[in-house]
Amino acid sequence: MIEPIGNQYVVARPVYSTKAFEEEHKKKHRHHKTLLDHLKKWFRCSAQKAKRIALSLFPIASWLPAYRIKEWLLSDIVSGISTGLVAVLQGLAFALLVTIPPSYGLYAAFFPVIIYFFLGTSRHISVGPFPVLSMMVGAVVVRLTPIADTADPTVTNSSVANDSSLDDHKVMVAATVTILSGIIQLLMGVLQLGFVVIYLSESLISGFTTAAAVHVLVSQLKFILQLTVPAHADPFSIFKVLISIFSQIEKTNIADLVTSLVILLVVFVVKEINQRYKAKLPVPIPIELIMTVIATGVSYGFDFKNRFNVAVVGEMKSGFQTPITPNVQTFRDTIGDCFGIAIVGFAVAFSVASVYSLKYDYPIDGNQELIALGVSNIFGGSFRGFAASTALSRSGVQESTGGKTQVAGLLSAVIVLIVILAIGFLLEPLQKSVLAALALGNLKGMLMQFTEIRRLWRKDKYDCLIWVMTFIFAVVLGLGLGLAASVALQLLTIVFRTQFPKCSTLANVGRSNIYKNRKDYSEMYEPDGVKIFRCPSPIYFANISFFKQKLIDAIGFSPLRILRKRNKALKKIRKLQKKGLLQVTLKGYICTVDGFKDSDEELDNDNIEELDQPINTTDLPFQIDWNADLPFNIMVPKINLHSLILDFSAVSFLDISSMRGLKMILQEFIRIQVDVYIVGTDDDFIEKLARCEFFDDEVKDSIFFLTIHDAVLHILMKKDYSTSKFNPSQEKEAKFDFTINTNGALRNRECQVPSETKF
């Protein structure tokens, strides 16, 4: 019964052990589904299920019929045009990261958007090139390029036949990598493996994208400075590129450098204005478009290509090229890289989509997102595009300019299509350094994530460690190896957290039913002879030894050591009694010699297995009180603990190896007459122990209680019952008759307190 009294409550109920609770409250029988049941459900067919599958595979069928033309169309048109212009520029800029001609970036900005319009579940993300993925694809392209890419960036793509052949090879590699990444994403979606994104934490993604921004910054320096820099794809490549740049810094093209600095300054200032006054501006100022138009006009009008020898975009072929057949050998060589690209692309897209789905309250499906991105990349790669995900800045433009659905995305693809088919040639005079500057202009948000370190350090040092080490791994080892090392480190930190849990000793706060870490509060109540120990993690083969050591540290002694000491002492007492050195009198037992000592040989012959067995004194005519003084020269450590409570409310599972270790721990305490109670476990935990034959005559299922307070009250009631077994006259008589000389630990069995009630 619960009786509320103001802001307090009074609960009146029995003290429950788990067994007593189940006896009083009968559990319902539940049928646990087997693998066969799940397979039957999976393959069962019905009209309703077919409709649900069709709607899940083509989400457009659920939201397009409900499209509000009058309310949403105008917003989507404005958003689509703005996003399309940004997509064109980012496609051209990010193609430089892949080390392929800029025009191929338009294909990566067009085809994935069309596919995602039909298959995607997010209404706000803009699918297309993403700088991190572009860098990862570019690293693979550089590694698989048959000759070093030492071409002078001042030479256009079509001026030299060898360069044209090299570009074709790079495009083939980039497209093949994109197709394989799409196949991996598609298979993961079909197999319902969308949950894998949970293994990429927010800290890992943040550190990784920041490191990728550093790689992007370094990779664009050769275009900004117009230097001939060999490509590197091995670990420590970033340092090799920097060495190459600084070794020829005197060859910098001043025109490209000045143009880039001006572009960067203007873009950063206007983006800051957009951010600060976003509530007042109807739409963000399209600074990338404005600067592109100005830079293209200035470059064409003043003939920068011939006058200052700057590198320009060059020929922009109109229309689409024929689809390609992927290279199977490239599949074999890049499977590991493609898996990383697939995971990172999905993780970024899903995290951005999740933000908007929460903001606008609509559901997204991780598995369907994998399918949508997979098909998008397969289709885009087949038409010579490169890996697509979503760029944070581009998605921000689509959402902030009023985009309501993927109709805005479709219209942005129309803008890209117009550039591909009709007006792409207008961008031919545009300097590559301008594209590099625009690419760097989108990195501000990624580089600003350095400020995450201080916040993470305050919140969780493990997350801060993951961020820092992910950043270091990705910068030093490269994006592919860096990602693999970062995931391994993250999994290792999870192992460390569970392998070395922060165990604590609990005590009662305010003499209520609340138990907290006794180090955290000043006024704590701890029952005499009772210890409450909490383990906040699963117990498994790797941390059972740590758990035992922490438990020993908390109680101040090793139960196994006490057990062995007592069994050794018991052997000596038996020898004393057998040799007649302990004599029975009417008033008790007295020792007839001044000393007794085993020979060294006898002490060395003690069998460890015998010393670990339960203490058995049934063959003696007296009981031994191990906390009293034993006959001289028999020393056994005294303990002031009679009950131990293990709080397993945070223990989610227990494996077979740790189960054996836990049973040994319980047996050691029980054998030295310390009662052990386990609280807070769920029913499945106890059922698993029963299935594994955990319980026996020593370790019984009656040791489980619902809460810590139930166990404490049970111990106190048990103690009160034991002390009430004697009246004062009996207690006085026992003290006078059975405590003889210095051998007060030996008590006559004819008048004793039952062992289970002694404290």
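For all residues, glycine too, the Cβ spot is worked out from N, Cα and C.
The following features are taken from TrEMBL:
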TRANSMEM  77-98  transmembrane segment
TRANSMEM  104-120  transmembrane segment
TRANSMEM  132-151  transmembrane segment
TRANSMEM  171-200  transmembrane segment
TRANSMEM  253-270  transmembrane segment
TRANSMEM  338-358  transmembrane segment
TRANSMEM  370-387  transmembrane segment
TRANSMEM  407-427  transmembrane segment
TRANSMEM  465-496  transmembrane segment
DOMAIN    520-715  domain 'STAS'
Which sequence-distant residues neighbour the transmembrane segment (338-358)? Criterion: at least 6 residues beyond either end, Cβ under 8 Å. 121-125, 127, 130, 132-133, 136-137, 177, 180-182, 184-185, 188, 194, 196-197, 200, 202, 205, 208-209, 364, 366, 369-370, 373-374, 377, 387-390, 392, 395, 399, 479-480, 483-484
Proximity of the transmembrane segment (104-120) to the transmembrane segment (465-496), 3+ C-beta pairs under 8 angstroms: no
Which stretch from 253-270, 370-387, 465-496 shares the most C-beta pairs under 8 Å with the transmembrane segment (171-200)? 370-387
State the residues, same chain only, that lie 6 or more residues beyond the ends of the transmembrane segment (465-496) and have a CB under 8 A from a CB inside it; answer 'none' if no residue qualifies. 132, 135-136, 139-140, 199-201, 203-204, 206-208, 210-212, 214-215, 233-238, 336-337, 340, 343-344, 452-453, 456, 542
Close approaches to the transmembrane segment (407-427) from elsewhere in its chain (Cβ under 8 angstroms; 6 or more beyond its ends): 67, 72-73, 75-77, 79-81, 83-85, 87-88, 91-92, 103, 106-107, 109-110, 113-114, 116-117, 126-127, 292, 296, 313, 316-320, 398
Using a Cβ cut-off of under 8 Å, list the residues of the same chain at least 6 residues beyond the transmembrane segment (253-270) that approach it. 154, 223-226, 285, 287-288, 291, 295, 304, 308-311, 431-434, 436-438, 440-441, 444
Kindly state the mean pLDDT of the domain 'STAS' (520-715) in the predicted structure. 85
